[in-house]
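Novice: Sharing a structure, written as C-alpha cells. Questions coming.
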C-alpha cells in the first residue's frame, strides 16, 4: 500500500498557485504532495548570441534546490563554485521540453528564462518543475502577446510531465521520494496536450526492463499527464483558450 | 509621505510563520512588507576543523536570493561560479550576529547552519534574515536541548535587526527598496533583547553624517528592534520563556 | 537515400580494435563509420567514500572530445575551467549503463574508470562510447577475475547502445552527424544481450512523437543493438564465454 | 599597560612615504606601528559599463595581504582561485569610503583604482589602507586635474580611518593585532576632515555593547582620525590646499 | 645498455602519419617509440584582440594527455577545473617554438591553433608534440597559401625538437620515460633546419651540470633534430620544397 | 649605449636588505636597478603528501606581482580566479632551482615556502627572485639548523640567477624591461657558486641563435652570477661560512 492510501495509478494532490511573485512576468508555486517548486518566468528583449538577427526567440530554464529542501542539507552549488551534473541535466531537460511547445518564430527576438527553485523536495522535482514552469511561461507569453500585439499566440500546445517507475515489481505513477529511492526502474514522461511524447527518459536503476513493462509505464504516465493538464487549465483560467489555437501542422 | 501611509518611525507589517519546512530542525517564513525570506536551521553533529575537540559548538549562516526576487533578474551565483562580495558580506554578518546570543559552550560540539533564502526582495533582506533566522535557530536549539537534555538553554538573549536611513533629509525606520535606493545615509542595526548593540553598520552613501543624525537613527533602530522582538515572541509561543533564562553575566 | 547507399535499418561499418593502450587494464578503439572513440579501463583498488567498507565495487565513466573531433574546433573544457552540461549528462549515462550489467558485489571493493575520448565525431559518440567501453570493461574485469580468483565473473550480460531517429519523416537507425542535425526526433537506446532496456532517452527535437513512432524506433534500436553485440563478441574472443554465466535472477 | 607604554587614547607612530612607485599615478607606503601597506593609484581613461556615457568617473579599491604579512603564512587567494569573504568586504569598504569624498562628476569619465597591498600586518590593516589610499588618490587626482585642466578639484574633503575597541573592559584607540584578538567589541570609524562619519562598523565580538560604550568609542575614533588627517596634510605638502576648496553644500 | 639495444646517440623509431583527421586543416599522428601524439591544426579567420588590425597572423598551441596515457591514471584537467603548471608551461613552449619559423606578416590576419593530444606517453611528449605539430602546421599553412594565393609561403624553416639528458653519468639522446625518471640532467632542444637554436631548456634535476656536459648534450640534440627533420621531409612529400624558400635574412 | 651608461657586461646596482619582515623565518628585499622583490621564507613542520614518512624535506616557491608593479596595471590573479601560465612557469622554476642546492635529507621532514612578491618590475624579476630567495632561504635554514641542532648544514652551494640576451645584435648582461622588450634572444641562467648550471632557459624570441652566440651569452651570464654571489655573501654576513661546508660529492 502507498502512503496516504494512494492507488498505483494515482498522482498526488496537486495545487498550482499563480502569480506568487510581484516582479516576475509569470510565476507559479506548484505543489505535488510535499514537493514544492517556485517557477518564475523572466522576459528579456534580447536573445543569446547564436540566435541574433534571426527574428526568433528563445526559452531556457534554470533549476536549483534550496539547501534544506531535502532530508539532509546539501551544499549550495554557488559555494561549491559549480553546478552538479544532475542540475545541468535537469535544466537542459526543462528548457528543451518547454521549447517544444513554443513557436519561437511567433515569439519574436526575445527570450524567456524559467527559474525553477525547489523549496521542498519529495520526489518528482524535475517533472513538477516542467508542469509548473509551463504555466508561468504561458502567463509571461500572454503579457508579451498583449503588449506587442502578436498576431499568433506562440504557445502551440499544453505540456506536462510526470514520473513513473517499478517498485517492488509494481508499476507506479508519480513516485514520492521514498518510492523513488527503492525503484528498480525509473522513467520521466513529458507529453503534450495532444497525447504525444516530447521527452522520454527511462533508466533501469536496479535491473533492465522489458518492452511490456515499458508499455505499462507509458500508460500510467499518459494518464498522469492528462490529470496534470487539467490542473494547468484550471490555473490558467481565461488564458486557457489561447493555447494551441494556432497549432502548426506536422512537418519533418 | 511613505508608501501605504506609513509614518517615519514605523516598521512594515511583519509576519513570521514557523515550521514551514518538513525536514529542517527549525524553519521560518518571515515577511516584512513585500520582503520574504525562508530561513531554515540545520543541525549537524560535528563542528568545523578549527573547533574540533574543544567541546564548543558553532553557528553559521548562508544567504542567497532567488534570481527573480528583484525587479530585474540576477544571474545565479552558482552559474557565475562564485559568490559576490555582497553575499559574502551579508552571510558573515548574519552568522556573527547570531553567534553573539548563543552560548556555544552550552550548545556542545555540534553546528547549526542557518540558510536564508530570499524569495522576494523589497529592501531590508539582510535584517529580515537575521530576525527570521533567530526564530528558526531557537526552534533548532530547543530540539537539541530536549533531545540531549542540555542543562543550560544555549540562547542567551533575543536578537533582531532593522535598517534605518536618511531619505530626502528625513531619518526613516525600515526602508523599502525604493527608499533605500534614494537614501543618503543607510544603517543596519542589530540589537539584543536587553537593548544593546551587537552590530552597527552605517554608511554615508551620498554624504557623510553627523553625530546628531547618528543618534536619531539609533533611536529609530532601537524602537524598530523592540517591535520585531515582540513579533518573535509571538512566533516562538511556549519557547519564549526559555530564552535568556541563563544569560551570562558581563565579562570583558 | 543515405550516404554510402546505406538502408534505413542498417548500422554503419563497425570496427573494435582491442588493447590499443600499453598501460590500461582494458582498452579499445571503436570506429562506427567516421566516429572514433578510444575507451580505456583503469582499475583502482579503492572505492569512492560513499561505498567504503561495504565490500562492493564501483564503475564510473568520463567522456571528452578532442577539440578538433568536429567540423569546427571546440574550446577545451579544461581551458573553460568546467565541464559542459552535455559532457556531464553523457558521462553519467555511460557510467549508469555500464553499472547495470556489473555485479558490484562480485567485483569486490575496487573501482573501474572508463575513459571515453572521442578522437573524431560523426554522430553517435555517446552510444559508441557505451558499446566500446563495455568491451574495455570486460578485459579489465577479466584481469581482476584471474588475478584475484573471483568465484563469480562480475559481468552479468552484454550491453550495447545505438541511436535512432526520425529524419524527413523516416525512422532511421544509427544516425551520422548530418542526419542527426536534421532529425525531428532523436533517441538513444541502451540494451542488454537478453533484449531488455537499460536506458531509453527520446527527445522530440523538432516536434513530439506518437506511440506508434516510438514503437518503430524501438524496433530499429533493438536490431542495431543485436548487431553491435555480435561485433563485441568477435572483439572479445575467448572472453566471450564468461559473460552472463552467472546472471542473477530477476528481483525488485 | 599597552605595548610601548602607549596610552589608551593614543595612535601608534605613523609614517606616510609618498610616491614610492615609479609607475603609479599616485603611491604611498603607510606605516602605523608594524602595520605596513603599499597603496597605489592607477588612472584609466574609461569607466565600468554601468557608468558609460554619463560623464561621471569612478573610484574603486582592491585589497590583499602578502602571504607572510602575518605570524603564520596564509594561502594566496590566487592559488585558492577566489577571494575570501573578508577581502571582498574590506575592498568594498575602502572603495565606498573613498568615493564619499570624490566629486565623481568633476572627475570626468575616468576611473581610479586604489591597490592596497599589506606588506606586514599588525592590526588595523583596513583602516590604514583607507588612510594611505586617500593620499595616493589625491596625488593621482592632482595629476588628472593639472593635465586636463579640471575647473573643480574633485576631492571634496579629507578622509581617514581608525579602529577602536574594548579590551579587558577598557576602550582603546588604534588596536594592534594582539589587542584586536582579545577585543570584546571592535569598531572601525571612517571620518571626513569636517568631523562627520562616512562609515561606522561596530561589532560585539564577545558581547553586545551599550549606547554609552558606543559614545566613548566614537570619541576615541574622532580624536584618532584628526591626528591621522594631520599626518596626511604633511604627506601631501603643497597639494594640501587644494582639498575641499570646492566642497559641495549639503543635500539629501 | 638501453631498451631494445638502442645506442646512446640514437633516437627511437619514428613514424609520422599525416592527415589522420577528416575535419582538421592539418593533422598528424606522431609516434616516437611508445609515445604517441595526435596533432591537429585549426585555421580561423580571426586573430586574438591584441593583434587586431595589424595585418599579422598568430600561431598558438594547446597540449593535453588522455587520462590513461600514462602508467597510472591522471585526473582530467577539465575535472580539476584548471590547467596544471606543467601543461601551461608545455603549451607556451610549443606555441613559441612554432611561431619562430612562421612569417606572421605573410600569414595574414588569421590564426592557427595546434592541438597536441597525447594518446600514449613514454617520455618526450613535449618534443614529439613540437615535431609533429610542425608537420600539421605546414599542411594547414599550405591550404591557406593555395586558397588565398599568398605571394610568400609563410613557413621560413624546418623545426623539430628532442630531449637529451644525463643518466647514470652517460649523456643520452631521446629519453624514454624510464630513463627520464632517473636522469640527473634533463634538456629539451628545439632547433631549426639551418641548425640554430630556437629554445633550450636544461635543468639539473639531481645535480648541476658543467659547460662540457652542456656541450655534449647539445651535440646529441643537434644530431637528433637532424634525423627528425628528415622524417618530417618524408611526411611532407611535395610540400617539402615550399619551406624556407623565402627565409628572411637575419635581423635584430 | 645602455641606460645610465652601463656597459654590455655589467649588472645593474644591486642591494639586498635582509630580515625586512618581523614574522618570516627569513626575509629579503632585493633591488636590481628598479626591480624590487620581497622574498620571505616560511618554515612549516610538515611536508606535502607525496613526501610523507620519508624523512626528507621540501622547498617550494610562489611568485606574484603587485598589480601596479608595471607600467600599466595588471589584473590580480586572485580576481581572475586563476594563475597565469607565466606565473606557474616562474614559480616552478624558482622552486626547482632552490631545491638543487638544498640537501633535503639533511633538512628533515619540514618544508620551506619562498614567497617572491614583485613590488616594482623593470626586467629580470624571475632571476632577482631566485637570487633574493636564496638569501632568505639560508636565513630560514640557519634558524632550523640551530634550533634542531642539525648535524649537517642543508645548503650545499650558493645559487644565483641573471638574464642575458641579444639586443640590436649585441649580447647584453642583465636586461632591463626596455631592453628585454626589444631582445631578439633572451636567456635566463641559474648557476651555483661552483660555476655549474642549474637551469638554462634560452628562447629565440625574434630569431633563432647560433652555437657561438650561445657561448657568448653563457660567458656573460657566468660573470653576472659571480657578482651576484658576492652580493649574497655580503648580505649573509656570518652565515656565509656555513654554506657548502658539506657539499656532497658528485653522483649520477
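Including glycine, each Cβ sits where the backbone N, Cα and C put it.
Remember, TrEMBL labels are computer predictions, not curated facts.
Sharing the features that TrEMBL gives for it:
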- D:11-139: domain 'Exoribonuclease phosphorolytic' (DOMAIN)
- D:86, D:124, D:125, D:126: phosphate binding site (BINDING)
- D:157-223: domain 'Exoribonuclease phosphorolytic' (DOMAIN)
Novice: Please classify the secondary structure at residue D:126 (phosphate binding site) using three-state DSSP.
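Specialist: Its secondary structure by DSSP: helix.
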Novice: Pairwise over D:86, D:124, D:125, D:126, annotated as binding phosphate, what's the top Cα to Cα distance to the nearest Å?
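Specialist: Max span of the phosphate binding residues, Cα based, is 13 Å.
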Novice: Can you check which residues sit near residue D:126 (phosphate binding site), meaning Cβ under 8 Å from its Cβ, same chain, 6 or more apart in sequence, and list them in order?
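Specialist: Those within reach of residue D:126 (phosphate binding site), by Cβ under 8 Å and sequence separation of 6 or more, are D:63, D:90, D:93, D:94, D:161, D:188.
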Novice: Please work out the helix, strand and coil residue numbers for the domain 'Exoribonuclease phosphorolytic' (D:157-223) from the DSSP assignment.
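Specialist: With helix first, then strand, then coil, the domain 'Exoribonuclease phosphorolytic' (D:157-223) has 19 helix, 29 strand, 19 coil.
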Novice: So if I draw a 10 Å sphere around the Cβ of residue D:124 (phosphate binding site), how many other Cβ atoms end up inside it?
Specialist: 25
Novice: With a radius of 8 angstroms around the mean position of the C-beta atoms of D:86, D:124, D:125, D:126, what other residues of the same chain does the phosphate site pick up?
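Specialist: Not counting the recorded site residues, we get D:63, D:90, D:118, D:121, D:123, D:127, D:128, D:129.
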Novice: With DSSP, how much of the domain 'Exoribonuclease phosphorolytic' (D:11-139) is helix, how much strand and how much coil, in residues?
Specialist: 41 helix, 41 strand, 47 coil
Novice: Mind telling me which of the binding-site residues D:86, D:125 has the densest Cβ neighbourhood, counting other Cβ atoms within 10 Å?
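Specialist: Answer by Cβ density within 10 Å: D:125.
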Novice: Pop the mean pLDDT for the domain 'Exoribonuclease phosphorolytic' (D:11-139) in here, whole number is fine.
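Specialist: Computed over the domain 'Exoribonuclease phosphorolytic' (D:11-139), the mean pLDDT is 96 on the 0 to 100 scale.
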